[in-house]
Amino acid sequence: MASRTSSLKFFSLLFASFAIVQMAMAGDPDIISDFLLPANGTVHANFFTYTGFRVLVGGGPPTTFKVLKATLAEFPALDGQSVSYAILEFPSGTTNPPHTHPRSAELLFLVDGTLEVGFIDTKNNLFTQTLQSGDLFVFPKGLVHFQYNADAQNPALAISAFGSANAGTVSLPNTLFTTGIDNNVLAISFKTDVATIQKLKAGLAAKS
């Protein structure tokens, strides 16, 4: 009986360990077919084609920071393919504020201009770099990161690839100051006063 109990404990531990490893490795779920059919079940070449980036061809320089996405939401053919794309347009002096992607790392390729980029790891170490056109930079999965075009005259253009069809984006400014978190909680957390928190919330609300 003791031997059977020990065996059960061993296999339970083994199963739990396997499950933890699988969770740690998990990204998008694997599929067992070539691709996932759309809701209507009809597939043709147009289903695998996304034209949302055509607006970039021949377009003028951006006037505000802008992100064009090709994720599961915009491009349903990506469902089950564990990949997505984003085009980031930075006018001079603009930033992509600190944010995270909870379901994927981000591999950024700087097509044109320069960018100040950085991320913070779980030990609060800050890693920063000044990117030149042609450079690649990886932002590890789930870590807070940012991009900033410090050039006062020239725009920047970057392409980001993700290992998930739905990497998700959690913007720190929006999450903290536009979701209704109590002013006292934020004031205590940031070691400031409620009036300052209210000014921050008002400023973000005015820009939204």
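The backbone N, Cα and C atoms fix where each Cβ goes, and this holds for glycine too.
Keep in mind that what you see is a predicted model, and the values were worked out from it rather than measured.
The annotation signal peptide is assigned in TrEMBL to 1-26.
Residues or ranges marked as oxalate binding site by TrEMBL: Asn96, His101, Glu106. Within 10 Å of the C-beta of His101 (oxalate binding site) there are 24 other C-beta atoms, taking all protein chains into account.
TrEMBL lists His99, His101, Glu106, His145 with the feature Mn(2+) binding site.
Distance noted between the C-alpha atoms of Glu106 (oxalate binding site) and His145 (Mn(2+) binding site) is 10 Å. Listed in chain order, the extra residues whose Cβ falls within 8 Å of the Cβ center of the oxalate site residues Asn96, His101, Glu106 are Ala86, His99, Thr100, Leu108, Phe139, His145, Gln147, Ser160, Phe162, Ala167, Thr169.
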